[in-house]
Amino acid sequence: MKKDELIFKLIEQENNRQCEGIELIASENFVSPQVLKAAGSILTNKYAEGYPRKRYYGGCQIVDEIEQTAIDRLKHLFHAEWVNVQPHSGAQANMTVFLACLQPGDYFLGLGLSHGGHLSHGSPVNFSGLSYKALEYGTEKENGKINYQQLEYVAMEKIPKLIIAGASAYSRDWDYQRIRLIADKIGAIFMVDMAHPAGLIAAQLLDNPLHYAHIVTSTTHKTLRGPRGGIILMGKDFENPWGRTTTKGKIKMMSEILDSALFPGVQGGPLEHIIAAKAIAFYEALQPEYVVYQKQVKKNAQVMAKALNSTGYKIVSGGTDNHLMLVDLRSKFPTLSGKQAEVALVSADITVNKNMVPFDNRSPFLTSGLRFGTPAITTRGAKEPLMEEIVELIDTVLSNVDNDKIVSSVKKKVNILMKDYPLFAW
């Protein structure tokens, strides 16, 4: 078979881009060589519809062991009674929960997209907003933190069947217990999407939502530092509250409903090569050095937020408890959009993403904010002093977005700087 020169050339170019630049996108990270090896392994050849020891295909005895290992490790990592490691993505994990818990047209409540929420928590262009009636809560205008009073008011007024906590651009920990109490008042299922802070939660640096939520979903990349994929977890399994029964009349456990909602409800065959890579990532997350890594992620984020703040940038919520921060550019550069800022920084090989901020007066295509995160740069071995240096480089670019010469000089500094940092340091 003739080698596909074009695609491998592009892969090499992407490798160079990742190595030469500063990666600050909060949802990105660099996986270990062994995770990468498993994700590209011969396991991609195997079809395995169903679950371990309950497959619709023969020859699954080895992938059964692999998937069961991933299940056991994930349970141990988050102290879960039940997990499912098959979701192809976080969005499909969320879709599974919706299918299991809601009927089309039912109300559910999630954090608004412009306040840091995720597409799959009720965006009108997403399955969640198209098939179900989305209600939203937001953050407080004064301090940028979750408006729990608004959340409770909407919940008590509309009685949603599902309440979602979790975000894609929120830098503080959550009061899961408070939301669970609200959910219990109205008989709602409480789901937490911990996709962003999952690694910090695994390292016990943030509150574990499995102690409070009925159901938890996550991605396996981001802070968890595994392959791209999703997971669903429960701290404790329970009888479904709707009285759904088996053909023999026994009330189904929630785990049974979630399993069947994922397969055959949302997906067909699982990606066993990715499940193997997930298993390795869970193994890595159970090692002592992983906790050290996550502590550094958090320290780096706090130093970066402090440096940005002292340079005149406004951090939404005033700081960070996790791995990310949302910067409102309007306080320092009123006429600079998030899109313009992103383009300028990417030109200097500093990769970030534009992001809406609470009460934004710009469209989602322009935005007034930038989101920064430290998981990827920390994986490369970066520590606190480099965070301060990076903020200086960011400020130089954003103060000179129309000056190609200055942006180019920053790019050269970035490329020289990153030569000392391997893609995966620990």
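Just so you know, the numbers here start at 1 and follow the chain as drawn.
The backbone N, Cα and C atoms fix where each Cβ goes, glycine too.
Taken verbatim from Swiss-Prot:
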type	residues	note
BINDING	Leu113, Gly117, His118, Leu119, Ser363, Pro364, Phe365	(6S)-5,6,7,8-tetrahydrofolate binding site
MOD_RES	Lys222	N6-(pyridoxal phosphate)lysine
SITE	His221	site 'Plays an important role in substrate specificity'
Same chain, 6+ residues apart, C-beta under 8 Å of the C-beta of Leu113 ((6S)-5,6,7,8-tetrahydrofolate binding site), given in sequence order: Leu119, His121, Gly122, Ser123, Met356, Pro364
Rounded distance in angstrom between the Cα atoms of Phe365 ((6S)-5,6,7,8-tetrahydrofolate binding site) and His221 (site 'Plays an important role in substrate specificity'): 25
Local Cβ density at Gly117 ((6S)-5,6,7,8-tetrahydrofolate binding site) - other Cβ atoms counted within 10 Å: 26
Chain-internal residues, separated by at least six, CB under 8 A from His118 ((6S)-5,6,7,8-tetrahydrofolate binding site): Asn94, Gly110, Leu111, Gly166, Ala167, Ser168, Asp193, Ala195
Set of same-chain residues at least 6 away whose C-beta sits under 8 angstroms from Ser363 ((6S)-5,6,7,8-tetrahydrofolate binding site): none
Gly117 ((6S)-5,6,7,8-tetrahydrofolate binding site) versus the residue listed as 'N6-(pyridoxal phosphate)lysine' - Cα distance in angstrom: 16
For Leu119 ((6S)-5,6,7,8-tetrahydrofolate binding site), the number of other Cβ atoms found within 10 Å of its own Cβ: 16
Under 8 Å by Cβ from His221 (site 'Plays an important role in substrate specificity'), counting only residues of that chain that are 6 or more apart: Ser27, Glu28, Asn29, Val31, Pro227, Arg228, Gly229
For Lys222 (N6-(pyridoxal phosphate)lysine), the number of other Cβ atoms found within 10 Å of its own Cβ: 27
Maximum Cα-Cα separation in Å among residues Leu113, Gly117, His118, Leu119, Ser363, Pro364, Phe365, which the record lists as binding (6S)-5,6,7,8-tetrahydrofolate: 16
